[in-house]
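A quick write-up on the structure given underneath.
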Amino acid sequence: MGNIVWYIVCLLGILCHQLCQAEDGSQLWLRYARVTASEAAFRKIHCPYRDAVASTAAAELQDYWRRGDVDLQLDKKWPKWQPDGYRIRSLGSKTVISAGNSTGLLYGAFHLLRLQQQGAAMQGLDISEKPSYALRMLNHWDNLDGTVERGYAGHSLWKWEELPGVISPRYREYARANASIGINAVVLNNVNASPLILRADYLEKVKTLADIFRPYGIRVFLSINFSAPALLGNLPDSDPLRPVVAGWWKDKADEIYRLIPDFGGFLVKANSEGQPGPQDYGRTHADGANMLAAALRPHRGLVLWRAFVYNPTAEDRAKQAYQEFVPLDGQFDDNVILQIKNGPIDFQPREPFNPLFGAMPKTSQMVEFQITQEYLGFSNHLVYLAPLFKETLDAQTYSRSEAGTVAGITQRGPHLVSAIAGVANIGEDRNWCGHHFAQANWYAFGRLAWNTGLSSNSLAREWLSMTFSPDPALVNPLSELMVESREAVVNYMMPLGLHHIFAFEHHYGPEPWGDIPGGRPDWMPWYYHNADLLGIGFDRTATGSNAVAQYRSPLREQFGQIGSCPEQYLLWFHHVPWKHRMKNGRSLWDNLCYAYQQGVDQVRGFQRQWDSLEGKMDTQRFQEVQSKLKIQARDAVWWRDACLLYFQTFSKMPIPAALERPVHELDELKKIRLDLKHHN
Ligand code: BDP
C-alpha cells in the first residue's frame, strides 16, 4: 500500500514538474539544466576576480557546467586590440578559459556551455575566438508609452512607468540571453525618439537598466530627438552651430555620464521621415553629428548617425542617401559612425547592398539590419534571416582591392570602433519574439555580429540543437527548411527584384495596386513596380534614374545591362517587357507566375516537413508553429493571387496552364483592410 502511495506521489511530482516546465519558448536557447549540489561537489570553478562581469561568468559555470574543473584566467599579455576575445583549452582534466578582459571570460563561459548543451566532445579543446565587430548592438524601436514601432511580440519589455522602483526579472534574462551570443550594446528607445528620454526622471530609469545590464557586459545607448534643446531645454531652437545648443548637449552628456559612466552614446535619425535635424537650420548632417560628437568625446561616447534619409523629390529614393552623404566624406569626427541600412530602400525581402558601403573611405560605416519582420510577414511567417544578413555582409563592393565586402569595409575602416546593429524583434510575449523561429533571428544576428564568417546553415543547426533538440532527425530537415525560408518569402512576396509592394502603413500583405491620391509617391507601390502595358520594374539604368552608376565597376555594368543583371535583381534595376526571354527560356511573365507558385509550394513543403516531426518535440511549440505555418500558407496564396491577378491586368497574358489557378477575385482582395496599428 505504502508503495502505491509513494508511486502516485512520484507520478504527480513528475507531472507537476512537466507542467511547470511548459515549453512556452521563454527559455530561448538557454536550456542548460542546473547542476545539482552533488554534481557541483565534484568539480571546481576557479575565478580569482571579483568584478561584476567575471563574477557572472563564474556564476554561469557554477550553475550549469557539469564536466570537470574550469579555471578563468585574465591574460596580461592579451593583445589590447582584441578585447572580448578568449581562448579555451583542455589542460589534463581541467578546462582553462583565458581572455584579455572579463567580458572575454564571460563569452568563453557561454561558449563552453554551448558546447555542453550540444553534446560536443570536451577532450583536447583548443579554441580561439575574437569578435568581428567591437560593438554588437541591438536597436529597440520601443516607445515610452510601451508600444514598439514595428514590433510583433507584444508590448515593450521596458516598463518605463514602473522603473526605477520595480524591476522586472526579464531585464536580467534579456541581458543574459544577449551576453550568451555576444551582444554587448543596446539602444533602448525608438529612433523616432521622444525628447523625454533625456529628462532627468527617465535618465534615472535608464541608469537602472544600465546597472542591470552591466554585469553581462552590455552598454546602453539612447536614440535622441535632435530638437531636444528646444523641446526639453526651452531654447529658442536646436541649431547645432549655436553655442548655447552645443552647450545644452554638453551638459546633458555630462549629466548622463554622471549616472552611467560607461554610457555608449547617441543614435540619431535626423531629417528623415519628418524627424528634426540640422538641415532645419541650413546645416549639414556632419554639422549636426559633430556637435553631438563633441559633447560625447570627453566621455569616449559615440554618435551613430543614421543614413536612412530620403525625401519625396523627383529623384529616385534609392539614390538619395548616397547623394546626401558621399559629399560629406571626410567631414565627420572620428567618434561618429554612419549607420547604414543594408539596402538602399528599406529592409525589403531582397535588396542589392546599399552603394554607400565603401563609397566614403574617410568615414566609419556600420550596417543596420532589421531583425523584426516588418516586411516579412511580422511574427506570423517563419523566415530565417541569416541568409539575408550574409548576402549583404558578403557582397563585394569593389571599393578596395582586398577586403572590399560590406563585412570587410565595416570591420576595417577608419574606425575608432567597429559596429553592427540589428533592429530587435523582442517584446514582452512569453516567447520573446512572437514566433518560436523568430528567436533564431535574434540568435543568428548576435552570432554573426560575433563572427561574420559563420554559415547560415551551421547557425541554424546550432540554434535548433540548443532550442529544440540535438537529434539529427530534427536538426537536419529543419535546418534545411530554415535556410530555404528566406528564398520562399522572396518568391511568394517579391521575386525577381520587385520591392515595396506592401499594403500601406502596416506593411502586412500585398497591395501592388495601392495608391492614395495626393500621397507621397515614394510611399506608393506603383512608384516601385512601374507595371504598365509594356512591362514591369524600375529602370535604374542610364535611361532611367541611373542609380546603377552609384555602384562601382564592374557592378554598374553588370547591373546596368539586362543580359548580365542577376535575375534576382532584374526588376530592381530594369523595366522589363512582359515577353522578355529569361535565362530558362520562359517569358518574364511566366517566370513571375512560376516564382509566386514556387513560394506557395515551398511553404506547403514546410508544413509537411513540420507535421512529420510531431512527437519529436514538445506539443506546445509543435502546435504553435504548426498554426503559424497555416497562416503563412494562406498568406502566400494571398500574395500570389494579389500580385499575379493585378499584374495580369497589364501583361494580359495567361497564367501558365501547368500552374495552380488563383482562388481569389482581384476585387475581393482589393477590399481587404487590415486594422493593424502602426505606431510612430
Ligand atoms: C521604416 C519603418 C519606420 C521606421 C523607419 C526607420 O517603416 O517605421 O521609422 O524605417 O528606419 O522601415 O527610421
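Glycine is treated like the rest: Cβ placed from N, Cα and C.
These features come from TrEMBL:
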SIGNAL    1-22  signal peptide
DOMAIN    117-432  domain 'Glycosyl hydrolase family 67 catalytic'
ACT_SITE  GLU273  active site, proton donor
ACT_SITE  ASP346  active site, proton acceptor
ACT_SITE  GLU374  active site, proton acceptor
DOMAIN    433-657  domain 'Glycosyl hydrolase family 67 C-terminal'
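Of all the active-site residues given, namely GLU273, ASP346, GLU374, the one with the smallest number of surrounding CB atoms inside 10 A is GLU273. Between ASP346 (active site, proton acceptor) and GLU273 (active site, proton donor), the C-alpha separation comes to 12 Å. Geometry remark: GLU374 (active site, proton acceptor) versus the residue listed as 'active site, proton donor', CA distance 17 Å.
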